[in-house]
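Enquirer: Marked as heme binding site by Swiss-Prot on the basis of sequence analysis: Tyr37, Cys57, Cys60, His61. Residues annotated as signal peptide in Swiss-Prot, with sequence analysis given as evidence: 1-36. The feature transmembrane segment is assigned by Swiss-Prot to 288-308, with sequence analysis given as support.
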Amino acid sequence: MQKNRNTFSWVKEQMTRCISVSMMIYVITRASISNAYPIFAQQSYENPREATGRIVCANCHLANKPVDIEVPQAVLPDTVFEAVVRIPYDMQLKQVLANGKKGGLNVGAVLILPEGFELAPPDRISPEMKEKMGNLSFQSYRPNKKNILVVGPVPGQKYSEIVFPILSPDPATKKEVHFLKYPIYVGGNRGRGQIYPDGSKSNNTVYNASAAGIVSKIVRKEKKGGYEITISDASNGHETVDIIPPGPELLVSEGEYIKLDQPLTSNPNVGGFGQGDAEIVLQDPLRIQGLLFFLASVILAQIFLVLKKKQFEKVQLAEMNF
């Protein structure tokens, strides 16, 4: 009886350990996934826009591609408006995934708004705007930087046009905000990057020879994919092994002489990053009222002038008849 109890206790203890380990693995995995999104820049840079005006996403996405932003010319205080970011690309293109296979391109964007502008709260967004937004999830670049918004990566087939719901500030409640013209900056990428934040290459870029010499051996890795290329220096017999991950296509063959930094592979990258800017005016309602009053007074003055002219013409005509 005692033996059965001990066995039961041992089984219970092992099951508890297994459940605990499984939960830890799940938590760690989920954390790593969430930390990888939406963009690596959040982990490495306090501000996504450098003093030179360059957005840091260009450090990893080396190819230059277009991006477009559309915002209203002017907005009133405490108003929700749309900032539309367009990331165009050929929808037929396929990119190299991390496992070396081909797949659709993803897109992502960072929107740098003026201080005081921020993501509109859900209860202020109209149903029409929510429909345009789709199922996108926006977040602040930092908890203390609500004016910088990021989104992605998301499927490019569905979200090559991204609608940001923005709430304009009210200078009456935010004294640091004024009725002025402000710049808005945007960066948008399509496809994976070529360099990781730690400086290492992804498999979505070209690989060059790290030494000059004869390609003495090419070994194809069967399990993970990719190649091991052995380069032999005929002058001293030194051998250099370059590792090529799965994805890029090999351009060299055994027995071929290659130079230092000569491309060993094709460049599989079909995506790229672009940045742009726009301007928006935070308009004072009193100015609009003043402008309307001025226009109304001008119209009334014109009407009075016309009436006065007609009256004068009638007087002249009466004098001539007399």
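In case you wondered, yes, glycine gets a Cβ from its N, Cα and C as well.
Mind mapping these onto the model and telling me what they sit next to?
Expert: Just so you know, the Cβ of Cys60 (heme binding site) picks up 20 other Cβ atoms within 10 Å once every protein chain is counted. The DSSP secondary structure for Cys60 (heme binding site) is coil.
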